[in-house]
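Working notes for the structure below.
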Amino acid sequence: MSHCTIFLYKYFPGKPRYQHCSFLHPLNHKLKSLFLPITGSRFLSNSTFSVSDSAHSHQAKPHVRNAQFDFKAYMLEKITAVNQALDAALPVREPVKIHEAMRYSLLLGGKRICPIVCLAACHLVGGDESTAMPSAAALEMIHAMSLMHDDLPCMDNDDLRRGRPSNHVVFGEGATVLAGYALIARAFEHIATATQGVGPGKILRVIGELAQLIGAEGVVGGQVVDLRCGGEGQMAIGLEQLEYIHLHKTAASVEASAVAGAVLGGASEEEIERLRKYSRSAGLLFQVVDDILDVTKSSEELGKTAGKDLAAGKTTYPKLLGMEKSREMAEKLKREAQEQLLGFDPIKAAPLIALVDFIAYRDK
């Protein structure tokens, strides 16, 4: 048994199965994820596509009508709303330096996938998105913190994030660590004080979900195993350990986002569980695609340092499985995520269906 294995436990029952499936192919109307800071976001045009085309036809036909969904317009609307909420939730105040460091990473742009999943899940189960917006903003604060700390020299040591210098390059390592702590505190404060329209029980459940996301059974647990396994001079890892790392570092964030939105929207426990499964598959899909892009795109195209994990000797999906198998795995995860949405209102499910396609076929 390797030193990595002793840290592992199953994140959810049953051993995941990755079978062969069709080769990853581009959408007829794909979106490029060209996201800029809060001053604006831009997409390619022609991003309206049929909801029924976004899942495999033999699974989607009984459920999804051939309705046109304008994903470009949806994303622009939600990103704008989230950016405005973040700006309002974290104004510059004393001490100015720490607030500037917090805002630098929080408002630096990005895909805003976690807050959008939160809002979409709330809407899917019949809730009011305004109820979920404080939690959506809090999730992005937590995500920003994780990226700030992930880039530190003692962690993954990256000087570039979203096409700009990483937080510690601009503000120094000490300020970055403290700004990350402050973002966590602000996230929970914001949920507790700004959430309206639901009872305290639901708010407490959301706070519990986000606390678990951050802790030893979430992002921290994944990062600990990541630091101990697969790097230069470390033990080699297999698919099970690699999956553990990314279920915790990446998929856990998407899962907490979906569950928070669903809880605030009044979902049943059965609906919450399906959205958990959706988000685990979508989160792993994001990481598999990220690893593929890391070896097929330049740093300029990605907005972060390309090929750094491979250069450091870390294990990635293409390194472990090869490019072809990694693409097959991505296609299967995409299908598994979308299958969890069968049975929901197809019109309300359209954003989450389209989001999985976007994750799968993005180019940065």
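Here the Cβ of each residue, glycine as well, is placed from N, Cα and C on the backbone.
Long-range neighbours of His143 (isopentenyl diphosphate binding site) (same chain, six or more residues apart, CB within less than 8 Å of its CB): Gly110, Cys114, Ser253. According to Swiss-Prot, the isopentenyl diphosphate binding site annotation covers Lys72, Lys111, His143, Arg162.
Here Swiss-Prot flags Asp150, Asp156 as Mg(2+) 1 binding site, drawing on similarity to another entry.
Residues or ranges marked as Mg(2+) 2 binding site by Swiss-Prot: Asp150, Asp156. In the three-state DSSP assignment, the secondary structure recorded for Asp156 (Mg(2+) 1 binding site) is coil.
In three-state terms derived from DSSP, Asp294 (dimethylallyl diphosphate binding site) belongs to a helical segment. Under the heading dimethylallyl diphosphate binding site, Swiss-Prot lists Arg161, Lys249, Thr250, Gln287, Asp294, Lys304, Lys314.
If you look up Swiss-Prot, you'll see 1-51 marked as transit peptide.
Across the fold, the C-alpha of Lys314 (dimethylallyl diphosphate binding site) and the C-alpha of Lys111 (isopentenyl diphosphate binding site) stand 25 Å from each other. In the three-state DSSP scheme, Arg161 (dimethylallyl diphosphate binding site) is classed as strand. In this entry, isopentenyl diphosphate is bound by Lys72, Lys111, His143, Arg162, whose most widely separated C-alpha atoms sit 23 angstrom apart.
Secondary structure at Lys111 (isopentenyl diphosphate binding site), as computed by DSSP, is coil.
If you take the C-beta of Thr250 (dimethylallyl diphosphate binding site) and look for same-chain residues 6 or more apart in sequence within under 8 angstroms, you find Gly222, Gly283, Leu284, Phe286, Gln287, Asp290.
Most Cβ neighbours within 10 Å, among the binding-site residues Lys72, Lys111, Arg161, Lys249, Lys314: Arg161 holds that distinction in the structure as shown.
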